[in-house]
């Protein structure tokens, strides 16, 4: 009996480990206010929120009604490719023609098969729930490296946000797939894995074209870090990947593929807008409004390039030179500079 007692005692955690855990928990409790305010606790708070999100997302999937918007259209579009149609002008779904690049087709083709030709909505929701948790992890890793945002903000970013749960698991949009790849590329840029980061960035663009909005910032970073000669191979990675992914469609109808998947003049319907709902529909659909937004966007980009991003005192054209040949050598990039 005594031997049995001694054996069970040895099976428990070593006293030193138990003491360290107790000490850590006591310190965390004493500094509970700092847990919410100090960025150095980002990973701890992020871990707790990710665990909470497992339960919250499961509850949302099983308790909140799914709303069909684009999922059936996605499935119809990729089904056309499965049936042998590679002409983008002939591919369409319930909501209109296929307007996303080839990466979208391949990813949602996989989802088409996994979800029983798109009929198993619950399976699709669980897949997007996993994607949501992975995206959260990628975003938290970015914030951890910036050391600027107090951790209490993260609760409102995920747990308290109905919209983010809706986009991922109640609507099954393609935006989460594109943004997950984008956040992965940003993490790779922060790790100075520029080639792999460009690869993932191009994959994100191949799912949805709006990721190109991040391209000016990326181009500036590449020129800052490598100059024009060193930037061209990184841009080549992005371009080659787009060609490889789109090759079956480019061989069938190159103009149709490019005009559909990268249509810069496509009209956005007023009924789907959220941010501009306060405008009259006639103004929202007016071409002058679109041009004004584009001009404002380009002007702000130029302002940031000249007044905030590039403040070395040299001409902006100095970015084209090899970094070793510039009058003012580039400073090491910090995570906040990259972001």
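Cβ coordinates are placed from backbone N, Cα and C, and glycine is handled just like the others.
Record features, source TrEMBL:
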type	residues	note
TRANSMEM	41-61	transmembrane segment
TRANSMEM	98-115	transmembrane segment
TRANSMEM	127-146	transmembrane segment
TRANSMEM	177-195	transmembrane segment
TRANSMEM	201-223	transmembrane segment
TRANSMEM	288-307	transmembrane segment
Stretch in 98-115, 127-146, 177-195, 201-223, 288-307 most in contact with the transmembrane segment (41-61), if contact is a CB pair under 8 A: 127-146
Within-chain partners of the transmembrane segment (288-307) [C-beta distance under 8 Å, separation at least 6 from its ends]: 216, 220, 279, 316
